[in-house]
């Protein structure tokens, strides 16, 4: 074997990795040395930041006034304290379901925190493109005895810590009404949301610490969305429809897909799941309440070069649908709620032009996703737009258009009882019967070499390529010296995957990966929703749906529609088929309850006092808007800024910006856009010693009316006097006023149109 040589740059990176790893492990050990693990925890304390100077207003996001085989009826899985919120009176004499929908902000901090998904060092949040929302749907039988809750959340994935805390707060407020078996929390899998809400060490390191302000913001938003749905439940009906979505996705691991048996592949017309399943919800008078859609697509139209918090392509589909149904409301407000939930998206990309070498333009659609010149780092999948913003809009609109078509033609009513089942399973020690004579056993988790390579949607680490089936002596030696050697048992169990990190055997300062995983299913008449704790590939998802369908058939329940809801309850990475890898409830035990760790590593980026340049104050205009703009142009204003993460603690303001239009008839300013609007962008520019600027852009849409406009900036500054605790002070900017004229500006031809 030829001797391995390294470039100067690689040697520098290796040195940096060793130093960084050593420092990180040392810091983690020190920070966790006194930490404890709470088993069977039933009430989790929450440490919150400084209280807001005023309570956030209720989100205008609710429409209606208020364990192997699925079972009906509530299960007694935990103590039931007296609910502090009275149960709304439910009208019982009708055919259908009680339905409640709710939406609440769960954005978290938008600066000084990693974005979750690409695991790219240095991809910190530096502003906001759209807010992130939790969208909750409650469905109950007419007598209210059996109910299920489905929550779709604009985050990368649901962490186990997040779910445990949400369930604890629901129990404290509602008793046994909302439980681990009938509440599903599902992440949309946007890669442009904040990290920092995990408790297992692998994710804590990737997040560069645990952010309690973001965790608290998310938990509060999720619980609030459920509360809104609960308060507004009313009788209604649910209709289901299905259809094919074309032009929105490609398989990003086509070589692995081809390892599946040809006879199995022949049953399907595509190497991705193109079917969208949609639920339409209305009240008994036909008033529209909301929708849930499941479709397999990765929300990675926004690349790993992005630094603005946003909900990506599926979030844009929600934005379009909710804006259409909530006319006259700002984004994030209004009664109608539309959720575009994740499914078996593991090998599905929205970057439909496929992988191309960024330096040569040629295709790199090969087994290793590598370019002849530059290797894997040059191989990137391209979206259909001129940039990632346009690609997000194009893919989001394709999803929206199909959903609108299915929604308008939905006529098959969903009827039948509700049921739910849940079990915690220790996935490190499960025996599986392959047939009547042969068994296999699961083992502890581990990350392989290909994990470090990333995907065509976002390249990972230097010196790693996709499809690696052999380790590297250099990296193995480095791992062994820093973290210890993986056991022969874990190496043998994970073959043919070469083990890079034996995360299941690393326990300090806390376990690096979860052992205990949620397994959950709910049924709504003939619809079964499987809550999957990870990313199923196309074919593994098809096999799961078929297996679940056959299990129902064995119990006489025919023609069940099975949907996969991805990124639910806890994250366990990717789930593939075996071939791709070569590259009753009454008696169902609850299983071993997962831990809830008390102490976690604080964020590596410290809080510092905000400062304004001499002679200025926070919110002062540094670069004003021009006097006149035309439709199609971009208004840009720069202000004296403060760190936006302060606004995740003090929520006096519900937006970082407003675009307002002067109405002469009433002599008032009307808000036309906020920071949840797709047409606005908020950039934060971090300086030194607490100095910073904030730049707000408004991309003037063709729907804008001529007139006088202004842009305002809202924020919070951190102040700390000697020997006193820090305080967060709210501020709002002086406005920057400008005119919008009737003519509009056509970029591609650089011409005015009257």
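The backbone N, Cα and C atoms fix where each Cβ goes, glycine too.
Automatic prediction, not curation, is the source of TrEMBL annotations.
Now, the feature entries from TrEMBL:
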- 349: active site, nucleophile (ACT_SITE)
- 189, 298, 535, 574: Zn(2+) binding site (BINDING)
- 42-73: compositional bias 'Polar residues' (COMPBIAS)
- 97-582: domain 'Neutral/alkaline non-lysosomal ceramidase N-terminal' (DOMAIN)
- 584-740: domain 'Neutral/alkaline non-lysosomal ceramidase C-terminal' (DOMAIN)
- 42-87: region 'Disordered' (REGION)
- 12-33: transmembrane segment (TRANSMEM)
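When pLDDT is averaged over the domain 'Neutral/alkaline non-lysosomal ceramidase C-terminal' (584-740), the result is 93. Close to the recorded Zn(2+) site, the chain also has 342, 345, 346, 348, 534, 566, 567: residues not among 189, 298, 535, 574 whose Cβ is within 8 Å of the site's Cβ mean position. Cα of residue 189 (Zn(2+) binding site) to Cα of the residue listed as 'active site, nucleophile': a distance of 12 Å. Counting in whole angstrom, residue 574 (Zn(2+) binding site) lies 14 from residue 349 (active site, nucleophile) by their C-alpha atoms. Its Cβ placed at the centre, residue 574 (Zn(2+) binding site) has 16 other Cβ atoms within 10 Å. In this structure, the C-alpha atom of residue 535 (Zn(2+) binding site) lies 13 angstrom from that of residue 349 (active site, nucleophile).
All chains included, 26 other C-beta atoms sit within 10 angstroms of the C-beta of residue 535 (Zn(2+) binding site). Sequence-distant contacts of the residue listed as 'active site, nucleophile', defined by Cβ-Cβ distance under 8 angstroms and a gap of at least six in the same chain, are 249, 250, 251, 252, 298, 300, 381, 455, 456, 457.
Using a 10 Å Cβ-Cβ cutoff, residue 189 (Zn(2+) binding site) registers 28 neighbours.
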